[in-house]
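Novice: Take a look at this one; I'll ask things after.
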Amino acid sequence: MAAETEEDLLLRSFMAEVSGVERDNEVARILSCFKLNPFEHLNLSFDSSVDEVKKQYRKLSLLVHPDKCKHPQAKEAFSALAKAQQLLLDLQEREYILSQVNAAKEELRLKRKKELKKDNASKLKAMVDEGKFEHQYEQSEEFKQQLKIRVREILTEQEWRRRKMQMRISEEEGRLKKEEEETKEMWKRKREHEEQWEETRDKRVSSWRDFMKTGKKGKKGEIRPPKLKTEDPNKSYVQRPVKRG
């Protein structure tokens, strides 16, 4: 068995000191996090490295592991941590989240500049410090909290757009599928009609031949009613002669 590293020993010591209350509190914290922000689940800053993500996941997952934590929702918290790590280790997902973070930062910076224009003392200090004043502000808890809130809002907006787009795509796919089914049904009925037409062909030919033989001449001695002169609109029938007494 490989010898334990210093980090392993520290971690073991840490876990030994953790009480059941702390485990339960961590489960509650994880489940209360904003679902679209994996950095929140792992309790990490937006500039955390991949190694920091792995290390923090290992620490928190041991803390809320269902086998070690008696909280009834420990399994849910454990799954949320696993998903958060998976997202942050996925390059594409990580870049997407960080792009939204950068967008939120730019918005807050613009807002900050507008506020500084009204505050001459802060504006002068910012000019003298050549950016150091702004850097210090962005490291403050006030800015971090504002950034966290704005990132939530942006991620929510983007997710809502994605879901609406997905809904429209599903509706369009449903419409196309319905049209395809209707077209198939139409061609099916057409084929059935053509098959029936072919099946009754001999019968139709036979009926036509019989008509040609007997249809033009009436039977001998048969009395036929007078024909209507439909070409005369004012005379729709022919009057029979009447015997005069």
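For all residues, glycine too, the Cβ spot is worked out from N, Cα and C.
Pasting the feature list from TrEMBL:
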COILED    74-118  coiled coil
COMPBIAS  171-213  compositional bias 'Basic and acidic residues'
COMPBIAS  220-234  compositional bias 'Basic and acidic residues'
DOMAIN    37-93  domain 'J'
REGION    171-245  region 'Disordered'
Novice: How many helix, strand and coil residues does the compositional bias 'Basic and acidic residues' (171-213) contain under DSSP?
Specialist: 42 helix, 0 strand, 1 coil
Novice: So what's the mean pLDDT when you look at the coiled coil (74-118)?
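Specialist: Residues in the coiled coil (74-118) carry a mean pLDDT of 92 in this prediction.
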